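Chemist: Summarising the annotation, TrEMBL assigns active site, nucleophile to B:34. What TrEMBL lists as active site, proton donor is B:36. Sequence annotations record features per position, and here TrEMBL assigns Mg(2+) binding site to B:34, B:36, B:255. Marked as substrate binding site by TrEMBL: B:230.
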């Protein structure tokens with residue numbers, strides 16, 4: 001048990017004191033950050049984030065940035081960090097596109113088989129890096145099903161997994177192709193990058209998320225997918241294995257109770273909510289809220305308050 | 001209780017004897033037929049069906065043809081019957097497109113409001129006949145969402161119901177529009193024509209059904225739809241009301257245990273399975289089968305055997 005958990009034990013959620021922050025930083029070796037609402041809001045980095053990340057890195061902490069966005073690969077996502085002046089490595093990013101490829105790799109996916117992809121380029125790029133063959137993706141975005149009498153859609157019997165990620169070019173061709181693979185290829189896996197109902201594709205409003213694409217395939221196959229992104233445990237387990245860490249050495253920092261904090265708690269991590277995203281202090285402290293992080297702060301840069309003290313003790 | 005039920009009481013499913021057939025015809029005033037596998041297979045009428053329908057009509061029976069296919073209106077569906085040499089009226093057809101419009105009519109849908117439609121022309125035609133305004137449908141089939149920064153999709157706040165039917169032109173624009181209406185318009189209804197996983201769009205194979213379109217909207221809204229087609233009770237209730245019939249005056253004839261026969265049993269009807277469609281006698285009599293029709297026949301025209309006797313007694 002890390003000190004901050006012991007300190008907060010039995011007292012419920014509380015705003016982090018200076019002592020809590022110091023104990024938190026001292027007690028964990030790795031911080032996993034949700035991005036939107038923690039690192040940035042839309043296209044703007046949140047105040048104080050670069051300095052906070054620099055401080056944690058200087059203290060030797062491993063930093064990991066997780067996102068359920070599967071439209072970009074890790075490398076593709078790096079562009080967003082760089083454009084915001086954040087200096088990180090692609091390997092520190094855990095996108096759900098990477099998680100899907102890493103999952104297949106972890107189960108030693110037969111490289112003579114193929115994956116059918118509903119989704120965008122991120123998934124394809126990550127599959128390429130793992131040497132996994134695929135079909136579908138953006139290339140099927142313009143295909144139309146012509147339902148003339150006797151029409152029959154062929155499908156590749158070597159498809160042994162279907163990955164479903166967010167796809168703004170979802171169409172009936174892709175739905176039918178994925179359905180045929182899952183229903184007719186014996187043992188074909190059904191993998192979802194995530195099932196988020198809505199997502200912040202733009203700052204202006206919420207957009208239907210990958211819950212829609214996954215729901216379409218659940219509806220025609222009556223099969224439930226294996227989810228690799230938040231809040232499932234795969235991503236976390238993969239991070240812990242890669243860095244050789246135990247759950248108690250990791251702190252999950254997020255702005256959403258029902259995904260980020262629950263994701264951390266499911267994995268046995270220390271959890272820290274920041275109020276710089278979608279959750280308000282009122283919602284957090286409401287009697288109807290059932291998800292309680294170990295502690296919470298206004299924003300990530302609140303950790304900077306511990307800087308001076310830590311420098312002395314480090 | 002109708003005679004045929006009494007005759008079969010406690011004995012489980014059995015192949016109809018001549019006596020059963022006579023009692024069935026004598027005991028019910030209305031026959032509801034599933035179409036595919038009962039009336040036709042693909043584009044061919046099943047042997048003896050026209051004569052059987054003629055016989056039942058001559059005996060004064062009401063005939064109703066139900067289909068979960070929502071792509072056509074009742075009038076549109078009539079063309080299929082006519083092309084197969086079957087002489088029926090549009091009012092004898094209960095398509096799920098009609099059921100959706102009839103449902104809104106039955107709850108006195110505010111005609112100053114609108115419906116957003118995911119689906120094909122059948123639903124639009126039926127809404128027109130009920131004087132209900134709509135938007136969406138095939139007209140939104142070519143719309144593309146351009147997700148540039150700050151992109152915001154407007155939606156009509158007067159949409160008070162979303163109808164989701166099978167739509168081979170499903171796209172992200174429609175998914176997002178329907179999602180916005182359901183999530184943001186207070187009290188907006190979510191109506192599904194049906195949730196069939198697969199459907200026989202062509203004879204050659206099974207195709208992803210409206211379960212996919214409905215699943216997409218469930219996935220982004222986390223709301224469950226009100227289903228108006230089989231196996232929900234609305235269609236049956238509407239038929240019974242229109243013809244002023246009680247359930248025990250109606251026999252459901254179908255080729256699928258888990259939709260047709262269950263639909264009939266849920267409504268308290270006499271049920272008759274025909275083996276001219278997807279269900280085999282082996283499947284029906286298998287110990288693992290839990291759905292037992294009151295009786296079964298090879299095909300609908302088996303009822304013709306009762307013709308001579310009925311003529312005498314009629």
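Along the chain as shown, the residues are counted starting at 1.
A Cβ is built for glycine as well, from the same backbone N, Cα and C atoms used for every other residue.
Quick one: where do these features end up spatially?
Modeler: Sequence-distant neighbours of residue B:34 (active site, nucleophile) (same chain, 6+ apart, CB under 8 A from its CB) are B:66, B:67, B:230, B:252, B:253, B:254, B:255, B:256, B:259, B:260, B:277. In the three-state DSSP reading, residue B:34 (active site, nucleophile) counts as strand.
In sequence order, B:42, B:67, B:200, B:255, B:277 constitute the residues six or more apart from residue B:36 (active site, proton donor) in its chain with CB-CB distances below 8 Å.
Its Cβ taken as reference, residue B:230 (substrate binding site) is surrounded by 29 other Cβ atoms within 10 Å in the chains shown.
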